[in-house]
Amino acid sequence: MSGLTIFSDQQPEKPLWQSHDAEEIQQQLTAIGVRFERWQADCELGENPQPEAVIAAYQHEIDRLVAENGYKSWDVISMRPDNPQREALREKFLSEHTHGEDEVRFFVEGSGLFCLHLNEKVYQILCEKNDLLSVPADIPHWFDMGSAPNFTAIRVFDNPEGWIARSTGDNIADGYPRLA
């Protein structure tokens, strides 16, 4: 079940607000300029989905995002618990960073934890299957895929080469709850 937990950026041990209600999550995130929607990810992809099959299955949704926002490219990220690079990739995404473009993800399988740092707060968004999340450019954030990652998400980009992360140098992510 999708969820949102909001913390002060000074007190990671004490949540200020928490919900698993999609409408409440959407209201909180819309207030800070972040798009959160529940779409339908109802295509069976199998155990190890190939990127081409995922894109073909959800081309209509990709076309919708491109038409709405002018995105230029897209790809698929799929991570499984047996991926030999999972620990290194998890560490890479756990560092707070920004992008010069929106970070758009449509989860078609599994889950991941997006953490946004703005307005002296940390917003932890547990994204699950059917969740579309669009984080505007330049918002500091990090992503936790967990120690046994299991998700497939479509990523949509402004830049045809994909996103380029810029580290903030802040170690704030180290103090907040992570996925198991």
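Placed from the backbone N, Cα and C atoms, the Cβ positions cover glycine too.
Matching HIS20, HIS141 to the Ni(2+) binding residues that Swiss-Prot gives (HIS97, HIS99, GLU103) identifies HIS141. There are 20 other Cβ atoms within 10 Å of the Cβ belonging to GLU96 (site 'May play a role in metal incorporation in vivo'). Checking the recorded sites (GLU96, ASP102, ARG105) against HIS141 (Ni(2+) binding site) with a 10 Å Cα-Cα cut-off leaves GLU96.
By neighbour count, meaning other C-beta atoms within 10 Å, the densest spot among the recorded positions ASP102, GLU103 is GLU103. Using a 10 Å Cβ-Cβ cutoff, HIS141 (Ni(2+) binding site) registers 24 neighbours. In the three-state DSSP scheme, HIS99 (Ni(2+) binding site) is classed as strand. Other residues of the chain with a Cβ within 8 Å of the Cβ centroid of HIS97, HIS99, GLU103, HIS141, the Ni(2+) site, are THR98, VAL135, ILE139, PRO140, TRP142, PHE143, TRP163, ALA165.
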